[in-house]
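These features come from TrEMBL:
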DOMAIN    A:26-473  domain 'Amidase'
ACT_SITE  A:81  active site, charge relay system
ACT_SITE  A:156  active site, charge relay system
ACT_SITE  A:180  active site, acyl-ester intermediate
């Protein structure tokens, strides 16, 4: 059975473990083997924690043998994006400036993963400090897209998405500040969910932009995402912005959606998130998916969100402003990299400058400089202040649109996976990749990307947005679409991905 | 912009005759909460360095702040005691600057939305005059860590080989209270500054929000001073003298800055807007860094915290639970005790108010309590150069002493000997009386023997008294008192002497 274990969805694997046909140790070992075989090419993992994962798995197996009641995902291994702090495991956020840092504490979501008995396979690659849409900004090399090793796996969470797409892990944690869960999901043919802001604790997420960051599930099925979301979500007293009330029933909504009945549901197509800039194949799959939703009983209406046009611009002021402040703590004084200037006096100020100059990559420096400028006296009102006004307008657009529709939909990303280097020297083109995902972050509403087909052999994603705290709606719609599409495909989209060459991991 | 670089001073009286001083005072008080402003690290004075920390107060990656509810309550208490409005909703902001004692390289503070604003407080000067100080705002923030520079000669950063940082203090909750420009104090400006800071200290203690110990840095003042030729002219350029740590230093700082700035202006120079440092030993301020527009803290609302929105019900609950303020208490006690204004002022200035209150509570009359604390004890405290409150005698012991006098067990003179015993740690007054054998002797038998001896020794006086002149009888009484080591009841001795002589 070992060879098939990695092909199971998380819920299938959980059932197999619960039913005693597979042990958690076997499941964990199968994924570790898979990582060993394919990650030499993919580079989805920055750190593989085999020993710890197998120890957790053995513990879960013995607890189960002792008759202990365990959670729904107990024993199912998981990968964690390297921006999430893990006690005792290296955490770099994809940056040289944190090379070798071992956090002394766990993020709240990691505590919950550990408490639920999920073995942590390792930490996944990402754009440095989650800044990017391709993982090309990682200080530790690109992650490859399992569909085409010449292409990007999306970003910033390309490592988590590639790991799940390549069956190295059935589950992964991502973080999404402007699309870093959903866009990688779209270009790798996986499911990615950005929960409602405050739905999952941010305690222990290395912050890029505090008012936009949100952690969420990266999986191969909508139901798996719901199960993981329920596991990591819910109120956390360590995060002031965490929502106090309990999560809606997400797995239940996914199961209900999978029955294929969407009658009475109003689906709003956001006019501003289509047309120019969207690849033909992407637009075609989107239109087909709308037909599918109609066939399930949904009513499709067009809605307008006029201020979404300015969302990208506002985002690129708010995000760098917050990032410039959040990243100030990386200064070589207390943890991580410390560079003393080669000549001249060794003062704190000069050590800070040398450390930051050496430790940060270009994209991080670009955003820190941009954000510092936007917050400067005399510019604050024109930049940060205006951006916050746009943010309010985007929120109003959402409110108006949700008065007309239960969920909003769009293509997740305007294009399929592009080739490495294609947009590296053109930051603006790179930023445009997130044009459809950013509004949800600005408004704090939840968003999901579900695979909805291929364009020229590469996956395309379908984005579903719901009102804040109504995450269950998108699980219902996502599961319905997934079930209907898989029926036409004759199985999961990922079954159409090319087989990866297996080579021994040598690095 | 150049200033005449001068250390010349104008005589204070001349300075305030030619210029109108305007003050602005920022007082920081460390709140006495159990834990820090934004995390659960325990706060205790004098802990081993870097033991009172969490990932939050160390600014580790991923850590997030959570507002300490008790600190908010204390800030509201302070705001209400200073007659401020309490904001219905207010936010924290980030003050961004790089310095190793600020673990996140930004300080979480309140900027444009303080929790309390628009208040006032009346401060009493030593002569009983009252001066109203308007409060601009009181806002919450976190303290920074503490740097120790090692290897230099002065403990300052220049010349140091390395620096140590202790983050125990990082994140301790502070409330900063900012005055509006304090105008109209004239020549009394230094006194007003001192009385203002002292009034705040007393209020913090009365509210129970801080131990408010100046010597531990619980209360720190930044003192802004500017001069202008006349009160109807716009404000002059100010200097800000940082971290002035005692009442006396606050007064001296203002006085010095007035004399110094007057000299600069007299010489046709311009006062530079700058931070200055106060030197306790030399009694002068020196230039720190020049404050210019280059200092840009890039404030923006703290996105990791939701707004603090104290409900009106809660604010009213806190208002109702406020203790009596020190000034009101002084007025009440003065009336209850029947002290004259000058008497009360002396009591307050001597720091004797709590001592007298407790002594009166022990049954002593207000006059009796004042006699002890402001008389004998004040004299001894001054001799020993210690504060009245730190004398080794309690109000309860003074009350007991007074009871022993009232009961006739001891007289005033013996009472001072009993006090010697108490201060020497020999126990409570009654115990000292017993162990030292200090009871008044009124047993006639014991007295008569001494009287007869004294009469026999001075027959000439006996003759005079018999002749109708009672004047010299004192000599006999004195001899008896001496013979009985002062323990005799002087009144009874007189009666017996006259009886013996046959008068």
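Glycine is treated like the rest: Cβ placed from N, Cα and C.
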* Round to the nearest Å and give the CA-to-CA distance linking residue A:180 (active site, acyl-ester intermediate) with residue A:156 (active site, charge relay system). => 5
* In DSSP terms, helix, strand or coil for residue A:81 (active site, charge relay system)? -> strand
* Assigned conformation of residue A:156 (active site, charge relay system) - DSSP reduced to three states -> coil
* **Distance [Cα-Cα, Å, rounded] between residue A:156 (active site, charge relay system) and residue A:81 (active site, charge relay system)** => 10
* To do: Measure from the Cβ of residue A:81 (active site, charge relay system) and count the other Cβ atoms within 10 Å, all protein chains considered.
  => 31
* Asked: Where does the mean pLDDT land for the domain 'Amidase' (A:26-473)?
  -> 97
